[in-house]
Amino acid sequence: MSAVSYSMHRTTTTTSSSSHGGVSAGHAAEEFVASAEREKQEMQQLNSRLEVYISRVRQLEDRNKELVIELDTLRGSLGNDIGQIKFKFNDSLVKVRREISEAHSGTIGVEVKVDRLRDDLNDYRHRYEEARREVEREKTTWGGAISQAQAELDTNKSRYAAILDEEKRLYAEQDQLYLQLAAAKDELDAAIVDRRRLQAEEDDLKIELEFLGRIHSQEITELRTLLAQAPADTREFFKNELALAIREIKAEYDKIIQTTRVDLETIFQSKISAVESSIVSKNEAAVFRQEEIRKMNESITTLRAKLSELEARNSALEREANTLQIQLGEDQRAYESELHKRDNALRFMREDCQTLIAELQALLNTKQTLDTEIAIYRKLVESEEGRFTHVGQGVVVAQQETTRLVPVEQDHWDSGEVQTRSSFKRHAKGNVSIVECDPQGKYIILENTSGSVAEDVSNFEIRRVIDGVQAFVFRLPSHLVIQQHGHLKIYGRNSGGINSPPDSIVMESHPSWGQGGQVETFLYNSHGIEKASHIQTTVASSR
């Protein structure tokens, strides 16, 4: 039996996080780093245990070689003393069985450790999702605050524009009031001019009245003189007539004077009243307008103070918004960096788990091979209690290759020859094919042979037929895509696989894919059309 060499590679990634966001995301990142450190220590311990296990397997291999050499020597030198040989190697077989049992116990411990690591990985994934949701919530909160600040800024800008429009309107109204005040002053000047003109007319009428009085007095004097020069009877006649005429003239003169005076006083009083009422109304309007202007000036001063305050607040809000934008960008970059680091860490952990599972599978295969050899040795020793006839040596171990039968070794003894052969054939219609089916029913591998197109295998069906009887049908989950030159490994529930789409998934409905002499595997698309098949035949013969 040839020696088997094993190598383990462990990649440890230490992540560090820097958060400018909330406290929850930073705390989650610190927990993730601490968990990664704990996982590294656990993986180192697991690595040490696997090294011890591998060294024990190598010791078993060396011991097996020694037993094979001793068995060959005994076969060449002894004939009928097979009972002594059995007695001689009974202790060795018991010891080997015990060591194999201990190795199997170690393997179970490794499987338990792998399950625990899988649970830890799911826990880390859950923590990562919680941290991501926390970051999203904080991003939404900051976005709402920025939107509110932006809305308040827009409101302040609109209020500022309204204040500017109000200021322009007040300035225009002030100019209109100044124009009305100038017009009122012009009307006042015109009223003063009219008053002075009427006073001048009154003075002229008074002078004219005085002049007419002097003329009438002179005429009366002349008439009296004439009356004195006339005879008595004539004088008496004219005296009465003259007195009557004088009374009539005086009455008419007084009437004219009174009428003129009343008219002049009425006109003058009406003019004066109109001018005074106009002046009073204009003064009241001017006072009201001055009061309005004063109030407007005070309002403008207040609005300017508020505007300065709003501008300062606007500047502060803009600075805060810029700071929030910068902080949000830094948080986004830190989040993306942390997400990238965690993706890398998860990918490395997944690769390490895949490596450990592959090595564990190799160890299990080696253990199975050792069990087969020990069973053959036991059967050989028990069957050779009588006469031992050496025919040949070899162990047949059938391993699956791509398209050919693989006989490894053969054992011959007097009871006959046992030989196991496996072969398979496959075909595919399209880019997706069944590239491998584990003979022990642990997994099935699908492959996308295209180098440019990703294949969607959502809701595809895998039908398994074992020894002519359909075992079961498994439907692939939705949203499952195989990338270019990618593989999809589908494990049974108890086959030690991990659920990590799109690289590998676990069939939870059955513990394994089953095994038998004639195993047929078919792949159907979602419309029930056959896309690929894999037929594996295992033949065991003895003679």
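Cβ atoms are placed via backbone N, Cα and C, with glycine included.
As annotated by Swiss-Prot, compositional bias 'Polar residues' applies to 1-10.
Per Swiss-Prot, the feature domain 'IF rod' maps to 39-388; the stated evidence is sequence analysis.
Mapped onto DSSP classes, the domain 'LTD' (420-538) shows 0 helix, 65 strand, 54 coil. Per Swiss-Prot, domain 'LTD' is recorded for 420-538.
Among the features that Swiss-Prot reports, region 'Head' is placed at 1-42.
For 75-88, the entry in Swiss-Prot reads region 'Linker 1'.
Annotation source Swiss-Prot lists region 'Linker 12' at 224-240.
According to Swiss-Prot, the feature region 'Coil 2' maps to 241-387.
Look at Swiss-Prot and you will find 388-542 tagged as region 'Tail'.
Secondary structure of the region 'Coil 2' (241-387), assigned with DSSP and counted as helix (H, G, I), strand (E, B) and coil, comes to 143 helix, 0 strand, 4 coil. Taking the domain 'LTD' (420-538) as a whole, pLDDT averages 88 in the prediction.
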